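Visitor: Dumping the structure here so I can ask a few things about it.
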Amino acid sequence: MATDLRVSLTDRCNLRCTYCMPEEGLAWLPRQDILTDDEVVRLVRIAVERLGVREVRFTGGEPLLRRGLVDIVAACARLDPRPELSLTTNAVGLARTTVALAEAGLDRVNGSLDTLRADRFEALTHRRRLDDVLAGLAAARDAGLEPVKINAVLMRGLNDDEAPELLAWALEHGYELRFIEQMPLDAQHGWDRSTMVTAEEILASLQSVFDLTPVGDVERGSAPAETWLVGGGPARVGVIASVTRPFCGNCDRTRLTAEGQVRNCLFAREESDLRGAMRDGADDAELARRWEVAMAGKAAGHGIDDPGFLQPSRPMSAIGG
Ligand code: SAM
């Protein structure tokens, strides 16, 4: 069974990253379909107590938009065994909540930032929030939610020349940067394998400026990022080559959507409904059993490169990245 749980707390987002969501947004999930705070905590507890989950990452949509976030984190920090708790966020407004999140028991923050240039940020996200994001990331670091990892997606013709600049900035601020290959998970279905920026290109671009030494597979374990030491270390940079060098065989993730559906893969075409079972009165043992069955059905690989690959009907924002 997977030991790393990603919990989506909402499908809503305050940015409109072009690789994820159309500018006008999406039809959000109805409120009654979304798990309540207590339901989220109950399912996390079952995962921790009965399924061996050791790490819980809150995501979305944008998890900072979830009103009960701090309380959910605090309740999960009281679980036994206590899981490691982290948050994947675009960092808009994070500066206001970091202290409360740290006090509630959050361990780490993964921020998302694809460009350091205000005009590009607006073109990529359709919002003018770059300064807010930078302040949020700095606040997370200052509150000790470290290492602050930064996820960056490069898009052809938009920010594909910015890898070295992003790395220089991350090194300067003490963040751990990871580039993620763009995956076919956008609601608009605009992804194109032939034009996506590959890990190989990203590395070539970084190596034109930095001296990179690979950190061996032994250390990689189930982590999706392949890692390089920068300038001999200790600083590092990662590349998550989900498309060109998939790591499905080592994947140890299980995902819970905001409406309580278990997904055994980002690219799964099927889900298992825990919310319905829970609201029909299923006990913890039954919910755990259903969760295990859902994970046992996991495919060997995501199949993005297979000719018959079909993008999941849910976009990333509704799965939880
Ligand atoms: N809103 C939060 C954030 O921005 O981090 C959490 C959710 S977001 C879906 C999680 C991560 O998924 C972000 O780092 C984002 O860049 C990444 N992401 C979204 N769509 C993607 C895609 N099509 N390919 C690769 N990464 C993607």
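The backbone N, Cα and C atoms fix where each Cβ goes, glycine too.
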Visitor: Pick from Thr88, Thr125, Thr227: which one does TrEMBL list with Arg6, Arg57, Lys149, Arg253, Thr254, Arg255 for the same GTP site?
Guide: Thr88
Visitor: Look up Tyr19 (S-adenosyl-L-methionine binding site) in the DSSP assignment and reduce it to helix, strand or coil.
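Guide: Reduced to three states, the DSSP call for Tyr19 (S-adenosyl-L-methionine binding site) is coil.
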Visitor: By CA distance, which of the binding-site residues (Arg6, Cys17, Arg57, Thr88, Lys149) lies nearest to Cys251 ([4Fe-4S] cluster 2 binding site)?
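Guide: The smallest Cα gap between Cys251 ([4Fe-4S] cluster 2 binding site) and any of the binding-site residues is with Arg6.
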Visitor: Find the shortest Cα-Cα separation between Met183 (S-adenosyl-L-methionine binding site) and the binding-site residues Arg253, Arg255, Cys265, and name the residue that gives it.
Guide: Cys265
Visitor: Among the binding-site residues Arg6, Thr88, Lys149, Met183, name every one whose Cβ is found under 6 angstroms from ligand 1, counting any of its atoms.
Guide: Thr88, Met183
Visitor: Among the binding-site residues listed here, Thr88, Thr254, which has the most company in the form of other Cβ atoms within 10 Å of its Cβ?
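Guide: Going through Thr88, Thr254 one by one, the largest Cβ count within 10 Å is at Thr254.
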